[in-house]
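Per TrEMBL, transmembrane segment is recorded for 40-65, 77-96, 102-123, 190-209, 215-236, 338-358, 378-398, 419-437, 495-515, 535-552.
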Amino acid sequence: MEGMELQKIEGRLSGLTTSNEEGGEAPKKSKQGGWITFPFIIGTMMGLSLVAGGWASNLIVYLITEYNVKSITATKISNIVLGCYSLFPVVGAIIADSFLGSFPVVAIFSFVSLLGMIMFTLSTTIHSLRPARCVIGSSMCEAPSNVQYAVLYMTLGLASLGLGGTRFTIASLGAEQFDKTKDQGIFFNWYFFTLYIANLISFSVIVYIEDNVGWGLGFGICAIANVIGLALFLLGKPFYRQVKPKGSPFTSLARVMVAAIRKRKILGTFGSQDYYFGTTGVLKMEAGASTKSLRFLNRAALITEGDKQLDGSYTRSWTLCTIEEVEALKTIIRIIPVWSTGIFLSVTIGIFSSLTTLQALTMNRHLGPHFKIPAGSFLLFNLLATAVSIFIIDRFFIPMWKNLTRRTLTPLQRIGIGHIINILGLVSSALIEIRRLHVVQTHSRIDQPGLVVPMSAMWLVVPLSIMGIGEGFHFPGSIALYYQEFPMSLKSTSTTMVSLLLAIGLYLSPAIMDLVDQITGWLPDDINDGRLDNVYWVLVVTGVVNFGYYLICAKYFKYQQNVEENDRHSELAP
């Protein structure tokens, strides 16, 4: 996983460990940190990733088989849970960056994850915590009681919160242990390698145990992995270098908006000498330090007589901000349109993953006479395609692109290619579903819930692989773009912007599925009676429209470096 884009991201993280307050010096080297922390952090990552894959990848099957939840309802619950799964890393990163630091956040949320796994294990071993089992798709199944639903939702909440609070934060903690960019790069290579290996194990071995041996044993293994991971993490505490949080960077962004609005009536033409640069009250003359775009915000850094303190100095407040803070907000505003194009992409991923699992449940999943692939394990093919494609893209595709075009593949171009491949994946899903429904009608399998269609589920590997390749282009490109463009104070948060996209998309996908079902009736509980192919075609059309929107946003987007070069010698204006 030594991809060029990942290395670019990882290298930039070195700024987090060497930068300081404005005008300050680099922190002194500490005896703590270094490679002695590596086995503790990677061991923790392995344990927690096994836990996450063990319950999240097979959640739809668990809800249908153990709680008698209807298939479409199970996909909606799963998407909401996975939305929390993706949103909580953003919350964890903000808490770590602004208030507690990385170590306390990882320790607390690892324990929360353990509570969730204990609840999962108890719910599968104590029969009163779940309804009686019945045939999948039967109308006679006993629905869960309110108490059983409460236990289920509490379990899912704890597990999601525990996962979200640790996944990205532990990566930041690992980066903080090293001073050299090269060491950080090696750590991140091992971080991603560990993440993929853990997912491969959980998506295959643990899911197989849950489906064929018992849910209690599968969740019990996850709980043990959680205990081992948490114990390793705490054992490494004496060796960790812990970086103190410097307060919320979002406060400074809010201050820029407030200060600009307060000074909206000030008129005139101003030069760099009229703006505050924040170097202990001294005006730092740097022509071109601010850009001409979104010039209204420049007013937040405009010095007025009312900003002067009693001792004649100036300081940051809700009426005066630094040029650096102004530019940070401008950068975020400029990137929001491009970022928003990923929301629909995340919606399609949420709907596609859920419906693919439902399709797998109705198809022949046998490999040979004795082995049957668990429905939840099919997402493993998507994961493998993403992992392999990232390697191929960074090792072969990007160098070939550079040789042919004499230019480096930009993050925006990589994201755009991801959009196109995503649409092709949805087209293949629609075509395969047309074939599946034809087999259903040919063999008179309509109105027979729970029966398996005589069509190999291995056909689903095609769209899963195509979508995985698209993710290999889109998500690394997005992370590279956000990390490259976001201000230094928000570097940790920038890496969670993809996770935020997934969260929003997964939250929206149940609502969209509800809307489609209410209008069209294409999504009944027995998908053999439905029209999943039409759902996929709707997603294809919407994806094409979204890609058009992306092209417009990309055309007018300017990289921060280009913005600074264009305005380097221009005069500042409010």
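We count from 1, first residue shown onward.
Cβ atoms are placed via backbone N, Cα and C, with glycine included.
What TrEMBL says about a protein is an automatic prediction, not a curated fact.
Only pairs six or more apart in sequence are counted, and the transmembrane segment (102-123) with the transmembrane segment (40-65) gives three or more Cβ pairs under 8 Å, enough to call it a contact. Counting residues 6+ beyond its ends, the transmembrane segment (378-398) has Cβ neighbours under 8 Å at 1-6, 57, 196, 199-200, 203-204, 353, 356-357, 360, 408-409, 414, 457, 460-461, 464-469, 471-473, 475-476 in the same chain.
Spatially, the transmembrane segment (77-96) is not adjacent to the transmembrane segment (419-437); fewer than three Cβ-Cβ distances between them are under 8 Å for residues at least 6 apart in sequence. Beyond its flanks by at least six residues, the transmembrane segment (40-65) meets 71, 73-75, 77-78, 81-82, 85, 106, 110, 113, 116-117, 120, 133, 136, 156, 159, 162-163, 166-167, 170, 173-174, 177, 190-191, 194-195, 197-199, 201-203, 206-207, 210-211, 215, 218-219, 221-223, 225-226, 228-230, 232-233, 235-236, 239-240, 354, 357-358, 361, 374-377, 379-380 of its own chain at Cβ-Cβ distances under 8 Å. Using the rule of three or more Cβ pairs under 8 Å, pairs at least 6 apart in sequence, the transmembrane segment (338-358) is in contact with the transmembrane segment (419-437).
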